[in-house]
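See structure below.
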Amino acid sequence: MARGHQKFQSQQKNAKKQAEIKKSKGHDQKAAAKAALVYTCTVCRTQMPDPKTFKQHFESKHPKSPMPLELVNVEV
């Protein structure tokens, strides 16, 4: 087990290494947002994150089209 100055040096080295890993990895917001959009409108191909939003979209944008079976039992 490291003590004193050696422990401090080890912590600094580990923090630097973790920062480099985090920096090289980065965070892709576009990919995360795209992964969250799981429902696709069958009429206009618009993507939505949840069935509630999808049903609201379908009722407002496509009132004359028949409701998809996946939205029939969804409560708004």
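Keep in mind that glycine also has a Cβ here, set from the backbone N, Cα and C atoms.
Per TrEMBL, the features are as follows:
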COMPBIAS  17-30  compositional bias 'Basic and acidic residues'
DOMAIN    1-37  domain 'Small EDRK-rich factor-like N-terminal'
DOMAIN    39-61  domain 'C2H2-type'
REGION    1-30  region 'Disordered'
REGION    55-76  region 'Disordered'
Grab the same-chain neighbours of the region 'Disordered' (55-76) for me: Cβ-Cβ under 8 Å, and only residues 6 or more beyond its ends, written as numbers and ranges.
41-44, 46, 48
So how many of the residues in the compositional bias 'Basic and acidic residues' (17-30) end up helix, strand or coil by DSSP?
11 helix, 0 strand, 3 coil
Taking every residue in the domain 'C2H2-type' (39-61), what is their average pLDDT?
91
